[in-house]
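Taken from TrEMBL, the feature domain 'U-box' applies to 38-111. Annotated domain 'PPIase cyclophilin-type' per TrEMBL: 287-433, in sequence order. Per TrEMBL, the feature region 'Disordered' maps to 451-477, 494-527. The feature compositional bias 'Basic and acidic residues' is assigned by TrEMBL to 451-474. Here TrEMBL flags 515-527 as compositional bias 'Polar residues'.
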Amino acid sequence: MGKKQHQKDKLYLTTKEWKYEWGGYKGTQNTGENSRFRRLPYSCCSLSFQPFENPLCTKEGVIFDLMNIVPFLKKYGVNPATGEKLSAKDLIRLHFHKNAEGKYHCPVTYKVFNENTHIVAVRPTGNVYSFDAVDRLNLKVGNLRDLLTDEPFTRKDVITIQDPTQLDKFNIQAFYHIKKNLKVADEDEELAKKDSKYNLKLINNEARSALEELDREYTPSPYLGQKEAKAQKADKFNAASYSTGRVAASFTSTALDPTTEHEAALIDEDVLRYERVKKKGYVRIITNLGPLNVELHCDMVPKTCENFVKHCNSGYYNGTIFHRSIRNFMIQGGDPTGTGRGGESAWGGTFNDELKPNLTHAGRGVLSMANSGPNTNKSQFFFTFRSARHLDGKHAVFGRLVGGLETLDKMEKVEVDKKDKPKEEIRIESCTVFVNPYEEADEQLAKERAEELERQKSEEAAAKRKKMESKADTGPRVFKQGIGKYINSAALKRTADEAQVDTPDEAKKKKKTTVSASYSLSDFSAW
C-alpha cells in the first residue's frame, strides 16, 4: 500500500473499493440500463441466447431464430430487443455461409467471422459478408450489386450485423424482454408446470417413494376450490337480540381479527320460516295396492314434515318398496335401497328428532319416522297397524292416515318371510303433495321483507329530501325589481291605513299637556 499524500492506494479500504472490488453490495449491476455489460455472440439468437439455425434480422441488424421469434410476435407483437412494434413481415431472412470446418465466414474473402469482425448483410438477398469486402468491391467503386447473385441494391440496403466499435445492441442486460421478463413457454412446458413435482430436480429414493404413495392414496377434499359463501346481512326479521360476540373474542384472543363494532347474531332461516307455518300439509301416496292419504303436522313438527314433503316433491320415494312389515305392529318404507340401512334426509345426512308430548303412537295409521337411535332421522318412515305407545319419545310422529285405510288393510295382510320382508312387493309408485304450507311461508316471508325494504327506502328518501330542503338557501323574498325589491309595499300600505292619525287640535292639546306636565312650578313643600 502506498504511503504518499496524494496516492490513491490508501492504508484502508475505501467505500468505492469495497463496493466494486472487494465485495459488498453491488447495486443493480445485473439489471437495468446501468448494469454490467454482458455481450451476446453474433451467432446467437437475441431471444433464446442459443446458436441460431434459421436466422432472421431486423433493419437494425438484431438477429433472431425463426422458431423463437414467430411465437413471441404472435403473443406480444414487439421487438424483443428494443420493445418497439414489430411484425413478421418486417424481418429479413439471412444467409450465412460456412467453410469446411463448419465456421461462419465471408463467401468472398473467405475470412472466418469472429467477435472483432465487421459483418454486414445485403437486404434484398440476405447474403452476409464482411464489411471489408462490401466496402472495397461495392461501395468504393460504385458497383451496387450483390457479390454472389449480382442483384442490385442501394446503400440503405446494407445492414450492419456486427460492428466492433458499437456493441450496445449485443448487451443482454439492455434487452426489452429481459427487463420486462417476457417469455413464451411451449405447451409441453406449460403442462409440466402443472405437475406438483415440476420444481423437484433432485430427490432421494425415500422422498420419491413417499410421493408415489401420496399420488396413489391422495383424494382431494370436497371443499377444495369451493367459493366462500357470501355473508348474510342481518335485517328486521333474522336479527337476534344478542350479538355475535366477536368484539369480546377479538379483544381477548390474538388469533382473531380485531373487531370494534357489535353485530347482531343471525337467526337461522328455517326458524323464521317455521314460525309462519300455521297449516297442516296433505300428501297422497299411490302404491300398487291403492292410495294412502296422509295429513302432516307441519305446524307442530315442521322440520320432519318438510323433509317428507321435499322427498315427495323430488320423487325420492318413487319406486321404493315397503321392506319391513310386522302384523299388528307397523309397516316400514322410504329406503331407496330396500334394505332398511339406506336413505338420507332432504338436506343430506341426518337431522334431529322433533318429539312432541301431544303426538303419540295412538291408534291405527299413525305416520312416524324410523331411526337407528336418537337424532338419526333420514328418509325412512312407518305406519302403525295399531297403537304402539312404547315408541313415544323415541320416534317422531309427524302425520296420520286420513284416507286409504282399506289400502293399509291390504298391506297388513301381505305375507312376510322370516326377516319380516313382504313376499309380495308393496311399491310406492308416486307421491302427490296437495297442500304445501312451506311454500306459503316462504312467499309470506319474502313479501314481508319486500315491504320492509320498501318502507326503509321511502323513509330514507323522505329524510334525504328533508335534509336537502333544510340545507337549501333560498334567500330573502323578492317583491319587485329595482330599488326596494325586498320591501312589501302592500304590507306597508295596509299598515299606514290601519294607523290612527291625530287631528291638529288633538296634537296641540297633547303638546300643551306635555309641556305643562314637564315644566309645572312647585312651592318646594315636598322637600
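Backbone N, Cα and C define each Cβ position, glycine as well.
A quick note: this is a predicted structure, and the numbers were derived from the prediction, not measured.
Under DSSP, residues within the compositional bias 'Basic and acidic residues' (451-474) fall into helix, strand and coil as 21 helix, 0 strand, 3 coil. The average pLDDT computed over the domain 'PPIase cyclophilin-type' (287-433) stands at 94. Each residue of the domain 'U-box' (38-111) gets a DSSP state, and the totals for helix, strand and coil are 13 helix, 18 strand, 43 coil.
Secondary structure of the domain 'PPIase cyclophilin-type' (287-433), assigned with DSSP and counted as helix (H, G, I), strand (E, B) and coil, comes to 25 helix, 43 strand, 79 coil.
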